[in-house]
Amino acid sequence: MTCSLDFSWLRWKWRTQDGFSQSPSETTPLLSPETDRQSHNTAEQRVVYPNNSMCHQDWKKVCRRYPGNSICTTKYTLLTFLPQNLFEQFHRWANLYFLFLVILNWMPSMEVFHREITIFPLATVLLIIMVKDGIEDFKRYCFDREMNSASIQIYERKEQRYMLKRWQDVRVGDFVQMQCNEIVPADILLLFSSDPSGVCHLETANLDGETNLKQRRVVKGFSQPEVQFQPEHFHSTIVCEKPNNHLSKFKGYMEHPDQTRTGFGSESLLLRGCTIRNTEVAAGIVIYAGHETKAMLNNSGPRYKRSKIERRINTDIFFCIGLLFLMCLIGAVGHSLWNGTFKEHPPFDVPDADGNFLSLALGGFYMFLTMIILLQVLIPISLYVSIELVKLGQVFLLHNDLDLYDEETDLSIQCRALNITEDLGQIQYIFSDKTGTLTENKMVFRRCTIVGSEYCHQENAKRLEMPKELDSDGEEWTQYQCLSFPPRWAQGSTTMRSQGGAQPLRRCHSARVPIQSHCRQRSVGRWETSQPPVAFSSSIEKDVTPDKNLLSKVRDAALWLETSDTRPAKPSHSTTASIADFFLALTICNSVMVSTTTEPRKRVTTPPANKALGTSLEKIQQLFQRLKLLSLSQSFSSTAPSDTDLGESLGPNLPTIDSDEKDDTSVCSGDCSTDGGYRSSTWEQGDILGSESGTSLEEGLEAPTLSQDEPELCYEAESPDEAALVHAARAYSFTLVSRTPEQVTVRLPQGICLTFDLLFTLGFDSVRKRMSVVVRHPLTDEIIVYTKGADSVIMDLLEDPACESNIDVEKKLKRIRARTQKHLDLYARDGLRTLCIAKKVVDEEDFQRWASFRREAEASLDNREELLMETAQHLENHLTLLGATGIEDRLQEGVPDTIAALREAGIQLWVLTGDKQETAVNIAYSCKLLDQTDTVYSINTENQETCESILNCTLEDIKRFHEPQQPARKLCGHRIPPKMPSVNSGAMAPEIGLVIDGKTLNAIFQGKLENKFLELTQYCRSVLCCRSTPLQKSMIVKLVRDKLSVMTLSIGDGANDVSMIQAADIGIGISGQEGMQAVMSSDFAIARFSHLKKLLLVHGHWCYSRLARMVVYYFYKNVCYVNLLFWYQFFCGFSGSTMIDYWQMIFFNLFFTSLPPIIFGVLDKDVSAETLLALPELYKSGQNSECYNLPTFWVSMADAFYQSLICFFIPYLTYRGSDIDVFTFGTPINTISLTTILLHQAMEMKTWTVLHGLVLLGSFLMYFVVSLIYNATCVTCNSPTNPYWVMERQLSDPTFYLICLLTPVVALLPRYFLLSLQGTYGKSLISKAQKIDKLPIDKRNLEIQNWRSKQRPAPASASASASAPATGTVHTRPPCHPVPPEAQQNFGASTSKSSGPPRQKHVEDRVLQDPRCSREHSRDDTCTVDTLAKLSSGECLLDPNRTVAPTAYSRGQKDVSRHSSKGSHRRSQSSLTI
């Protein structure tokens, strides 16, 4: 991808160096005007002709060949149901195996059972599955019939009007008209919308689960709402891509009769299954119909994964097959030897029709096949059916666990993959996203920096310290927090827009522009009179308390902006102009949709209920009390000077920003601390409106009075970052009023409405990492590009054209850039998400040239994405930096506790995030992924040789203090240490953490350094991958999963996590605020990260333990029962006969012993949930497969052989010498084996309930009831033998009772003795936990506390720090790294109050840096590492040129100035920080 972009950029530069002088045919062959209208490549493109009178013949030739809109999701018809269903069922190996045995049994020479008897089990299974498939298919048929019969208005060519027809009558090329609330019947290209702005609102919940509305706009050139769309006047040909399943990707162009082309994309495509909302009428032409629609192409079945236990079962099945082969071979050889003892043919041997007898060899071969029929149950085919039933029961229990239900979102766990529940108990590695997974993804605006001046928003930080108190005071308070300016305007309403020049301004009370509403009213048991909930608009996110100093400057900027068309503008780099552009960028540069609360989404809602009068009076009283506090506190507020330029004074105690010797400027009010007052616990209400606003109590009440008629605006955004920035701008009265595909309207603080022409929108993508909008300013008529994006990208695109002619401006911009970068580092270390805001003014001529190429790129089909990327990159350069924002994404509740528990469970946790390194590191400390006692290695490099050298040096350094605790594992020829290393000396070495970025990952993957990287990670307690792309995330997961052969789990909430989720053994999606892509691609979906704790530690452990022990029991049960028939062959001449009735053998597995294992697999609990949560280390039993592995399998097989010997030979010795018949001998054996197997099951059960007892007792009693009825009624059911009255006679024989009591005791005695030893002297964690569970609650809690104190000894660093000097413990450094003396100075003087944890004194920080880390160093291609510097406590060199402590920021610090030339950004540096 990188190579293709580089080549495209070179081609673009070559193409544009002559000033866009090429013609369209020279630049893009696809867009050549000489292209013939009919020369379309139908093999790679789809050509759609309209179904009207003009193009009907072309439509018949081309479009009639496309599939219709009728869907058929059924698998069968009445004629094909029986043969097709049988054909599908016999694709299963188990059914083929049984069919093979039935065919063998039908051969006269190998008939063991009656033919009807052998058919019965197979026919029963086939019939049950056939009925199930038939019912499911009939339901699909009913659904298809309902969908196909739905009505829609289709344009009829002959009648020349829309007529009501069925969905199944829709064809490609038809014109379809839809009303509000109708479902889109096919994939339709939007050609008309009744919305004045040419927009159609869609609800895509049926398609992707997202509830916020989407906008689709009419194809360019057709947006004329005042003119009704006439299909007969549409003569264009549509060329688009072939049908595919990409919901968000679509490209094509419309070729008009004059051979001009208009491009379109997914923004104009209405997908089948979506619902039209808030749009009266929408019309379009059908592009894809029926099974070719994107919705149908995405309608795949549930994902299938094979669990680890299932793979283990398949291996053991082969062992059983080998055992079956051996037993059959013994039977065949024994049969031949038995017959060989007769001198002549045995008297019971029957000749064939010709009088010939079988030879001994042929008779032995037939006996081999006969023994396969006889011992067929040795292969536990029914085990797979039991496993499916058990997993259904486990999923049911998961769904009904209230602890996995989130009340706030009204979501519970979803199990999308039903066959891997047991894998939840064997996870060894977890790969987690950060944003929305560890954090809430509820973005809160915290701080900002504008042209080098930092505004800490102290009052906003104080307000966020007590969100609960704010929420309880009602919604009325929120509307006052953005009323920072008094109403200065007269009556009247105006929207200001440029139509070739600026028009006079008119004042307005409010912005009354046409707004299409699409907010929703959600029912929560009562009618909410406040603003209904919308996406990313909780009270914490919407309410922003403005900074006092910035508030006054914003007012000046708004006044300057208002009069910028009547007087000469200030210099382009003035603070006032930059502030105005900054807030305009926050308001405009997004994709936020605007609606009003007075026009809810068109659905049937419940009428409002009357609210109690007392509640309203209380709210009014609270409101007046708050406003009184406001008016009192404002009298004590100080007035901050208003900056008009960068060099003006910023305050009496603050340095000027033009001074080279001073540090960056932080414009904070009052006694603002360096962290923005995050730790403040009080809130001065008077700081909300600002000291200079001059708003008295009466004015504060007047403002909302003037705008009572104005509908409350609400915003819906696809990204929470965008919503946070829009609400922040609104807090400063830069309000986004409306947005259409063509225009965006912003209301200024004075009430003036500016309507910008929205020329182009360059959406965000993961490659560019930014988005831009191109607008025309309504006052200056300038074309402006507003860009926002990651600082790692924006900083490299800054190059103001004014710097070429003005050296002073260049110096000033460099200082702004340097100080902004320092503020960004501060925000990142405080755990804030950062975005840079920039702008660019484009000449009209240059823009027109660029726009022509952009339109060509939009209209192309070949390399469309590449061409769009080229045009965007060409425009987004030479930017002017406006400022940056810091947005807080709070940790979810319970995340630190969950991570700590998962760690104690032996799970390795990696965080893979696209955020910048400093932000991710701070969040890692906050969520306890990294501890202040850890030694953290931070590797940043782009060069492969340097990366290899750093990895080698790091490994050498780590190995001096760590050595493998267990035997190393092989990894592709290399020795890999275990993940829990120990220490050479008696003292415990600090834990290791690794931080790595995306550039380094590229070097690792491209340089074949995966093995070294994995070897390093095995020593690390935590691994943090920053700036990683979705592809890199999936590559890391696959690398660890395949190379280390471990069980992996990926968890995320966004579309960028889909590849990572799909690559892991288990993928978990979080139902967050970034859509449902992650959930739809996951195996399990949860609402919060903290649910992962119980999901894995409790349900995961239970699911694995239950299923594993049930599988082992199934193998034991079948082998034990089959061996009874095998031992009998030694006493019947290996004839293949049985001493048990055939029907009794069938009933044994079908009824008598089938239900207890299923109940055991669903409900058994070896350890209680409370103990599992209190002792997470119990989870390791599943990781080590203690319940089901090769030793446990063979121990169970040996036990089965022993018990079968006892169950056969004790009755044999008892009845030896008697004259009983075969069934009288076999009935006690059958009864004893059933009793032994059920008692064995009872001994394995760890939890006893009434249901367990009823099932076991019921199975035992069922055996006697069925046997008594069968033996009394079935006289000739199994001729020539006669089981008549056998059980009745046995029940009157005391010997029967004696052996039925004695034999199971002898058979189960060894297992009972072994279980007793394990329970008394067992050293396993599970055995100890089971003992604790049996204690009373008080003693149990005390034992758990003692266990935790033993398992978690005090860190060795605590004792080491007592004897260590204040500067910290010094580790022996590798001899290959000299330490320069200047690197050992102490920079840790400042203190920290930020949310990140403080670094303790015994922590050692070291840095390895590459010579290429700054422009002053020579660019060296060698992989040597120059420096290993040991720093004092509190330091963390996040890059080689910076020495700022990780959690502290002081204006008094002197940092090394940053080289600001292009290409010197720290992304190009190579460093290793420890």
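Keep in mind that glycine also has a Cβ here, set from the backbone N, Cα and C atoms.
Computed from a predicted structure; not experimentally measured.
Listed in Swiss-Prot:
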TOPO_DOM  1-92  topological domain 'Cytoplasmic'
REGION    19-43  region 'Disordered'
TRANSMEM  93-113  transmembrane segment
TRANSMEM  116-136  transmembrane segment
TOPO_DOM  137-316  topological domain 'Cytoplasmic'
TRANSMEM  317-337  transmembrane segment
TRANSMEM  361-381  transmembrane segment
TOPO_DOM  382-1119  topological domain 'Cytoplasmic'
BINDING   D433, K434, T435, E722, F764, K788, R833, T913, G914, D915, R1027, K1033, N1056, D1057  ATP binding site
BINDING   D433, T435, D1053, D1057  Mg(2+) binding site
REGION    638-707  region 'Disordered'
COMPBIAS  689-698  compositional bias 'Low complexity'
TRANSMEM  1120-1140  transmembrane segment
TRANSMEM  1143-1163  transmembrane segment
TOPO_DOM  1164-1192  topological domain 'Cytoplasmic'
TRANSMEM  1193-1213  transmembrane segment
TRANSMEM  1220-1240  transmembrane segment
TOPO_DOM  1241-1249  topological domain 'Cytoplasmic'
TRANSMEM  1250-1270  transmembrane segment
TRANSMEM  1295-1315  transmembrane segment
TOPO_DOM  1316-1474  topological domain 'Cytoplasmic'
REGION    1348-1421  region 'Disordered'
COMPBIAS  1353-1366  compositional bias 'Low complexity'
COMPBIAS  1401-1421  compositional bias 'Basic and acidic residues'
REGION    1434-1474  region 'Disordered'
COMPBIAS  1459-1468  compositional bias 'Basic residues'
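The binding-site residues close to D1053 (Mg(2+) binding site), defined as a CA atom within 10 A of its CA, are D433, T435 out of D433, T435, F764, R833, G914, R1027. Note: the stretches the transmembrane segment (1250-1270) and the transmembrane segment (1193-1213) are not in contact (fewer than 3 CB pairs below 8 A, sequence gap of 6 or more). Distance noted between the C-alpha atoms of R833 (ATP binding site) and D1057 (Mg(2+) binding site) is 18 Å. Note on D433 (ATP binding site): other Cβ atoms within 10 Å of its Cβ, all shown chains, come to 30. A contact links the transmembrane segment (1193-1213) to the transmembrane segment (1295-1315), because at least 3 Cβ pairs that are 6 or more residues apart lie under 8 A. The Cβ of G914 (ATP binding site) lies under 8 Å from the Cβ of T435, S766, C1026, R1027, S1028, T1029, N1056, each of which sits 6+ residues away along the same chain. By neighbour count, meaning other C-beta atoms within 10 Å, the densest spot among the binding-site residues T435, N1056 is T435. In the predicted structure, the topological domain 'Cytoplasmic' (137-316) carries a mean pLDDT of 87.
Secondary structure from DSSP puts D1057 (Mg(2+) binding site) in a helix. The most densely surrounded of the binding-site residues D1053, D1057 is D1057 (count of other Cβ atoms within 10 A of its Cβ).
Shown for the topological domain 'Cytoplasmic' (1164-1192): DSSP residue counts in helix, strand and coil, namely 17 helix, 0 strand, 12 coil. In the topological domain 'Cytoplasmic' (1241-1249), the DSSP tally of helix, strand and coil residues is 4 helix, 0 strand, 5 coil. Neighbour list (F764 (ATP binding site), Cβ cut-off 8 Å, at least 6 residues apart, same chain): S719, R770, M771, G789. When the Cα atoms are compared, D1057 (Mg(2+) binding site) and D433 (ATP binding site) turn out to be 7 Å apart. Sequence-distant contacts of the topological domain 'Cytoplasmic' (1164-1192) (same chain, at least 6 residues past either end, Cβ-Cβ under 8 Å): 308-309, 312, 425-428, 901-907, 1047, 1093-1094, 1096-1098, 1100-1102, 1104-1106, 1108-1109, 1111-1112, 1245-1247, 1252, 1324-1326, 1329-1330, 1332-1333, 1340, 1344, 1347-1348, 1351. Counting residues 6+ beyond its ends, the transmembrane segment (116-136) has Cβ neighbours under 8 Å at 75-76, 81-82, 85-86, 89, 95, 98-99, 101-102, 105-106, 373, 385, 1142-1143, 1146, 1150 in the same chain.
Here the topological domain 'Cytoplasmic' (1241-1249) has Cβ contacts under 8 Å with residues 1109, 1113, 1156-1157, 1160, 1163-1167, 1256, 1308, 1311-1312, 1315, 1330 of the same chain, all six or more residues outside its ends.
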